[in-house]
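Asker: Before we start, here is the structure in question, set down as structure tokens.
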Amino acid sequence: MEGPPLSPAPADNVTLNVSCGRPATLFDWADHRLISLLALAFLNLMVVAGNLLVVMAVFVHSKLRTVTNLFIVSLACADLLVGMLVLPFSATLEVLDVWLYGDVWCSVWLAVDVWMCTSSILNLCAISLDRYLAVSQPISYPSLMSTRRAKQLIAAVWVLSFVICFPPLVGWNDRPGTLIGSRGSSACRLTCELTNERGYVIYSALGSFFLPSTVMLFFYGRIYRTAVSTTRAIAQGFRTTKEDEEGRLTLRIHRGRSVTQRAEQAAAGGARAHGQVRLTLSEPGARRQNKPSFVVHCREDSRAKNQYEIYTVVEGDSRPGRRVPQPQRPAKKLSSASQSSEDDSRPPRFISRVSRRNVRHQARRFRMETKAAKTVGIIVGLFILCWLPFFVCYLVRGFCADCVPPLLFSVFFWLGYCNSAVNPCVYALCSRDFRFAFSSILCKCVCRRGAMERRFRRTLLVGNRSQTEEDCEVAD
């Protein structure tokens, strides 16, 4: 069904001829309609401009090209498509209270609406998984969530979102069309609404919101537990590194003041840095005097970057103060010590690998990952806050069509759309990198516009001078 033509209208109202008994008066230009139109147009502009700025920031600034920001770009693309393909038609329908674009585009528009909103929340699920891996497994995170796997996960998100929005296009709906009323009546009008078919309402509500929200809350619960335990471990100075049925292995780190001072002096003077770190391995149930304990002396060679000369002083050895030299090797993460002694109570003879990064660096990295998780947590919380009222009403309306007032449903409907404009604001407030990228892009645009205006004015000025000189020559 093609969009019906608009007929000439008086100044105070608009009419639409839909081949009914007589033209139906749709609305008059009341103040509240004009205010609604301006507000919805401003919201649409915010959605498009904000999310376009996010995409540009990630692609322009190399510092923002991280795995996590791939999911952020995917989320911004979904919100950007909402602003470009959904909101203009939603605003028209909201203000005019009539659908002007035909039955085919009505079906496509509804499907795109569900597709983009579903992809937004599934992208948030992927982001919560990414943050959980980054906080809980920081060492193996780069291999677990590589760029290739992130792109595969993003593709799966968009395909699954399309699976949820596709059924109404092939007939799983109860929508008879865009025409309400009979053509012989003077009250008939065109509309485009979501289906109330109970089966699809349950299917789409669970797949688009409730199940993904449960998954996100689960991951953020685990992130919170991991953050609390890691913060406590940093404060107490030990960390459980292995746990099984036989027991757990605890690594205690004693870092003296002299180690840091010597390292800083060596870094400033370019000399060799000598450091000492005491490590204690303990198991539950073992007596205190049997704890394996040893001291690692690290000497950094300034001539060979990232190289350590390692000596291990074994406490409790029959030859006190014995040094076991180890060859120089690139600094790597701390691994379990080799133990070749027949007695389990004897300390390890050497450490196979010693990390160059100290506890302070690990704590700083953990704080960065936790801050990123907090930012994404705010985004998830705002998403649930904006969309939960709508999906509750949407689910209730599938069982009782008259139980939800149209005005309330419309308010919650647009509250969900507001979420697409909120995310860029969260990035600007919570992320220094995004804030810097936004400001630099906007400054470039403003400066470029100013340069173009100055060039245009200069061209006009030169042209006016030339014209004046020609006029003077003619007069002479």
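Glycine is treated like the rest: Cβ placed from N, Cα and C.
Quick paste from Swiss-Prot:
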{"type": "TOPO_DOM", "residues": "1-36", "note": "topological domain 'Extracellular'"}
{"type": "CARBOHYD", "residues": "N13", "note": "N-linked glycosylation site"}
{"type": "CARBOHYD", "residues": "N17", "note": "N-linked glycosylation site"}
{"type": "TRANSMEM", "residues": "37-60", "note": "transmembrane segment"}
{"type": "TOPO_DOM", "residues": "61-69", "note": "topological domain 'Cytoplasmic'"}
{"type": "TRANSMEM", "residues": "70-93", "note": "transmembrane segment"}
{"type": "TOPO_DOM", "residues": "94-103", "note": "topological domain 'Extracellular'"}
{"type": "TRANSMEM", "residues": "104-127", "note": "transmembrane segment"}
{"type": "DISULFID", "residues": "C106-C192", "note": "disulfide bond"}
{"type": "SITE", "residues": "D113", "note": "site 'Implicated in ligand binding'"}
{"type": "TOPO_DOM", "residues": "128-152", "note": "topological domain 'Cytoplasmic'"}
{"type": "TRANSMEM", "residues": "153-172", "note": "transmembrane segment"}
{"type": "TOPO_DOM", "residues": "173-200", "note": "topological domain 'Extracellular'"}
{"type": "TRANSMEM", "residues": "201-221", "note": "transmembrane segment"}
{"type": "SITE", "residues": "S208", "note": "site 'Implicated in ligand binding'"}
{"type": "TOPO_DOM", "residues": "222-375", "note": "topological domain 'Cytoplasmic'"}
{"type": "COMPBIAS", "residues": "266-278", "note": "compositional bias 'Low complexity'"}
{"type": "REGION", "residues": "266-293", "note": "region 'Disordered'"}
{"type": "REGION", "residues": "317-351", "note": "region 'Disordered'"}
{"type": "TRANSMEM", "residues": "376-396", "note": "transmembrane segment"}
{"type": "TOPO_DOM", "residues": "397-406", "note": "topological domain 'Extracellular'"}
{"type": "TRANSMEM", "residues": "407-430", "note": "transmembrane segment"}
{"type": "TOPO_DOM", "residues": "431-476", "note": "topological domain 'Cytoplasmic'"}
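Just tell me what is around each of these and how deep it sits.
Answerer: When Cβ-Cβ distances below 8 Å are used as the criterion, the transmembrane segment (37-60) is approached by residues 69, 72-73, 76-77, 79-80, 82-84, 87-88, 90-91, 94-95, 414, 417-418, 420-421, 423-425, 427, 434, 437-438, 441-442 of the same chain, each at least six residues removed from its ends.
Only residues 6 or more beyond the boundaries of the topological domain 'Cytoplasmic' (61-69), in the same chain, are considered here, and those with a CB under 8 A from a CB of the stretch are 127, 130-131, 134, 145-147, 150, 372, 376, 433-434, 436-437, 440.
Residues 37, 40-41, 43-44, 47-48, 50-52, 54-55, 58-59, 99-101, 105, 109, 112-113, 116-117, 119-120, 123-124, 126-127, 130, 147, 150-151, 153-154, 157-158, 191-192, 413-414, 417, 419-421, 423-424, 427 of the same chain lie 6 or more positions beyond the ends of the transmembrane segment (70-93) yet place their CB under 8 Å from a CB of it.
In this structure, C106 (disulfide bond) is part of a helix by DSSP. The number of other CB atoms found within 10 A of the CB of C106 (disulfide bond), across every protein chain shown, is 21.
The Cβ neighbour count for D113 (site 'Implicated in ligand binding'), using a 10 Å radius and every protein chain shown, is 21.
Using a Cβ-Cβ cut-off under 8 Å and counting only residues 6 or more beyond its ends in the same chain, the transmembrane segment (153-172) has close neighbours at 70-71, 74, 107-108, 110-112, 114-116, 118-119, 122-123, 125-126, 129, 195, 197, 199-200, 203-204, 207-208.
Mean per-residue pLDDT, taken over the topological domain 'Extracellular' (173-200), amounts to 63.
Taking all protein chains in view, 24 other C-beta atoms sit within 10 angstroms of the C-beta of S208 (site 'Implicated in ligand binding').
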Asker: In angstrom units, rounded to an integer, how far apart are the Cα atoms of C192 (disulfide bond) and S208 (site 'Implicated in ligand binding')?
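Answerer: Rounded to the nearest whole number, the Cα-Cα distance is 20 Å.
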Asker: Grab the same-chain neighbours of the transmembrane segment (376-396) for me: Cβ-Cβ under 8 Å, and only residues 6 or more beyond its ends, written as numbers and ranges.
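Answerer: For the transmembrane segment (376-396), the list is 68, 117, 120-121, 124, 127-128, 131, 194, 201-202, 205, 208-210, 213, 216, 220, 223, 403-404, 408-409, 412-413, 415-416, 418-419, 422-423, 426, 430.
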Asker: Six or more residues beyond either end and a Cβ under 8 Å away: which residues meet both conditions relative to the topological domain 'Extracellular' (397-406)?
Answerer: 196-198, 201-202, 205
Asker: Return one of helix, strand or coil for S208 (site 'Implicated in ligand binding'), based on DSSP.
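Answerer: SS state of S208 (site 'Implicated in ligand binding') = helix.
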Asker: Which whole-number value in Å describes the distance between the Cα atoms of C106 (disulfide bond) and D113 (site 'Implicated in ligand binding')?
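Answerer: With distance taken Cα to Cα, D113 (site 'Implicated in ligand binding') is 10 Å from C106 (disulfide bond).
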Asker: Distance check, please: Cα of D113 (site 'Implicated in ligand binding') against Cα of S208 (site 'Implicated in ligand binding'), rounded to an integer number of angstrom.
Answerer: 11
Asker: In the topological domain 'Cytoplasmic' (128-152), how many residues does DSSP call helix, how many strand, and how many coil?
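Answerer: Its residues fall into 19 helix, 0 strand, 6 coil.
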Asker: What's the number of neighbouring CB atoms sitting within 10 A of the CB on C192 (disulfide bond)?
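Answerer: I get 21 for this one.
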